[in-house]
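Engineer: So TrEMBL says this about it:
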type     : residues : note
TRANSMEM : 54-77    : transmembrane segment
TRANSMEM : 89-109   : transmembrane segment
TRANSMEM : 121-147  : transmembrane segment
TRANSMEM : 159-182  : transmembrane segment
TRANSMEM : 189-206  : transmembrane segment
TRANSMEM : 218-240  : transmembrane segment
TRANSMEM : 260-282  : transmembrane segment
TRANSMEM : 316-340  : transmembrane segment
TRANSMEM : 352-375  : transmembrane segment
TRANSMEM : 381-403  : transmembrane segment
TRANSMEM : 424-447  : transmembrane segment
TRANSMEM : 459-478  : transmembrane segment
Amino acid sequence: MDEKEPIDVEVRKAEHGIYHDKWTQRLLKLGVEDRGIQPVPEEERTDTQYAKIFFLWFAWNVNILTFSAGTLGPLIFGLGLRDTCLTVLFFNLLCCAFPAYFCTWGPKLGMRQMIASRYSFGYYGVIVPCIFNLIGMIAFSILNSIIGGQALASVNGDLSWTVGIVIISVISLLISFCGYNVLNWYERLSWLPVLITFVIALGVGGKHLSNPPPAEPATAVTVLSFASTLAGFAITFSGLSSDFTTYYRSDVSAWKIFTYSYLGLLLSIVPLQCLGAAVVVVTPSVPAWEEGFAEGSDVGGLLEAMLHPTKGFGKFLTVLLSLSVAGNIAATFYSISLNIQVFVPWLVRVPRYVFSIVATAIVIPLAIVGAHRFYDTLLNFLGLIGYWASAFVAIILVEHLWFRRNDPKQYDEKIWNNPKRLPTGLAALGAGICSVGLIVPSMHQVWFVGPLAKTAGDIGFEVAFGVSAVTYVPFRYLEIRMRGHL
């Protein structure tokens with residue numbers, strides 16, 4: 001939708017079965033988006049500001065959580081700075097390609113990501129990956145709320161983590177509530193002060209980073225286990241990629257959307273994860289940083305300690321860093337609101353923005369409860385979330401590239417909400433279930449190490465991708481043969 005295009009409320013009053021009362025009509029006039037999971041017709045795909053998708057992904061990941069993910073390499077897996085940074089670079093080069101590619105589907109299909117996934121998983125079968133996707137998005141929002149609240153509280157000793165979490169979550173709600181136009185406007189602006197703050201932090205504390213301590217040689221087990229965590233950070237964006245590109249013109253080059261998306265992801269994730277690793281490696285040798293880090297539980301406190309030499313200005317910069325997570329949470333709330341409608345299909349008649357409020361009500365209490373176990377939560381979550389996402393990506397890629405020949409015309413928009421015309425989903429679910437049998441022995445988690453992982457490291461997400469892709473082909477052929485159509 002073009003940002004300058006006026007909204008004719010009367011014409012859209014009964015659009016797609018959504019009832020527009022007087023309150024909703026007022027919101028529409030103010031530019032609030034109410035469209036949920038209904039596909040965007042081609043005549044309404046008019047947005048030509050394609051660079052917005054770069055800024056969305058860039059702003060999404062220029063924040064403290066990305067910084068924190070990089071600290072896991074040295075802090076949890078015992079990797080040296082060089083090995084951590086190389087792992088960050090090469091695995092993100094791979095994992096960021098998947099969500100960037102799925103962004104190209106939005107303009108061609110006009111469908112949100114989980115709606116496009118119905119053409120693999122079926123009307124009811126897609127509820128399973130949708131549940132995992134919701135769990136992942138809510139967990140990411142919780143982690144961001146925690147770390148943003150911690151950073152905000154570190155500025156003022158009288159402010160508790162709980163109050164900080166509530167402030168961050170409410171700001172995120174206001175952005176996501178308004179929808180597509182406001183969200184993109186915010187993401188285009190929010191990254192700049194945050195990036196400047198990180199640069200200042202690097203400038204102030206850079207002298208401590210020049211001589212990192214020596215580390216033990218990396219092993220395949222530690223590298224692959226850390227890589228699995230990185231995959232859980234990046235590849236999970238695949239479950240919501242096209243949610244943000246459905247209003248773009250259908251004739252836009254797929255390479256243009258892919259390039260903008262890929263660079264937006266890569267240029268934000270890799271530098272900040274490497275910076276996080278560099279800072280945490282030298283933290284034990286810098287007493288002020290170690291004190292701010294509070295025994296590994298407060299990344300916000302660590303960043304505040306880095307900026308402390310700038311005095312009062314440093315506190316202001318720390319506030320900016322705490323607000324950096326709002327762009328991430330807001331975009332995630334936006335996709336959560338869409339996924340709830342997929343999870344409970346009859347809710348499609350409820351305006352999208354209502355579910356942003358629901359998401360906020362879920363995230364705030366869970367973030368408050370989990371605030372004091374941030375690193376345990378981050379590690380366990382990222383380690384597990386990559387497995388399902390990898391299997392999901394493999395299945396919809398095989399469906400799109402092999403069975404539908406990369407042809408948007410093979411997706412009949414008229415059947416998006418018709419369970420009888422869509423696939424049954426048994427092939428997709430069967431392939432996913434088959435992969436579980438090999439994922440478990442390939443897992444390397446704090447609470448469980450499988451027999452394969454003891455010698456090879458955590459190869460769960462690679463196994464999930466390979467097994468799901470291979471088994472989906474015969475299962476899907478059988479399904480097509482029995483039903484007589486895609």
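These residue numbers are counts, starting from 1, taken along the chain as shown.
Backbone N, Cα and C atoms are what each Cβ position is placed from, and that goes for glycine too.
Where the annotation comes from TrEMBL, it is an automatic prediction and has not been curated.
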Engineer: How about the transmembrane segment (159-182) and the transmembrane segment (121-147): do they have 3 or more C-beta pairs under 8 A, pairs 6 or more apart in sequence?
Structural biologist: yes
Engineer: Do any residues of this chain, six or more beyond the ends of the transmembrane segment (260-282), have a C-beta under 8 angstroms from a C-beta of it, and if so which?
Structural biologist: 50-51, 53-63, 66-71, 73-75, 79-81, 84-85, 88-89, 92-93, 96-97, 99-100, 103-104, 191, 198, 202, 205, 208-209, 211-213, 215, 230, 233-234, 237, 241, 289, 293, 302, 306
Engineer: Does the transmembrane segment (316-340) reach the transmembrane segment (121-147), going by 3 or more CB pairs under 8 Å (6 or more apart in sequence)?
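Structural biologist: Touching, yes - the transmembrane segment (316-340) and the transmembrane segment (121-147) meet the threshold of 3 or more Cβ pairs under 8 Å.
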Engineer: So if I exclude everything within five residues of the ends of the transmembrane segment (218-240), which remaining residues of that chain have a CB under 8 angstroms from its CBs? That is, six or more out.
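Structural biologist: Contacts with the transmembrane segment (218-240): 57, 66, 69, 72-73, 76-80, 83-84, 87-88, 91-92, 95-96, 98-99, 102, 113-114, 129, 132-133, 136-137, 140, 265, 269, 273, 332, 335, 338-339, 379, 381-386, 389-390, 392-393, 444, 453-461.
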Engineer: Look over the recorded stretches 54-77, 121-147, 352-375, 381-403 and say which has the most C-beta pairs under 8 A to the transmembrane segment (189-206).
Structural biologist: 54-77
Engineer: Cβ under 8 Å, sequence separation of at least 6 from the ends of the transmembrane segment (89-109): give me the contacting residues as numbers and ranges.
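Structural biologist: Apart from its flanks, the transmembrane segment (89-109) reaches 39, 45, 53, 116, 227, 230-231, 233-235, 237-238, 241-252, 254, 257-258, 261-262, 265-266, 269-270, 273-274, 393, 396-397, 400, 408, 411, 413.
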Engineer: Any residues 6+ beyond the ends of the transmembrane segment (459-478) with a Cβ under 8 Å from its own?
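Structural biologist: Distal contacts: 224, 228, 231-232, 235, 386-391, 393-395, 397-399, 402-403, 423, 426-428, 430-432, 434-435, 437-439, 442-444, 452-453.
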Engineer: If we call contact 3 or more Cβ pairs under 8 Å (sequence gap 6 or more), are the transmembrane segment (424-447) and the transmembrane segment (54-77) touching?
Structural biologist: no
Engineer: Within the same chain, where does the transmembrane segment (54-77) have neighbours whose Cβ lies under 8 angstroms from its own Cβ atoms, ignoring anything closer than 6 residues to its ends? I mean 6 or more beyond.
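Structural biologist: Same-chain contacts beyond the ends: 83-84, 87-88, 140, 143-144, 147-148, 151, 183-184, 186-188, 190-191, 194-195, 198, 215, 222, 225-226, 229-230, 233, 237, 244, 260-261, 263-265, 267-269, 272-277, 279-281, 296, 299-300, 303, 321-322, 324-325, 327-328, 331, 375, 378-379, 382.
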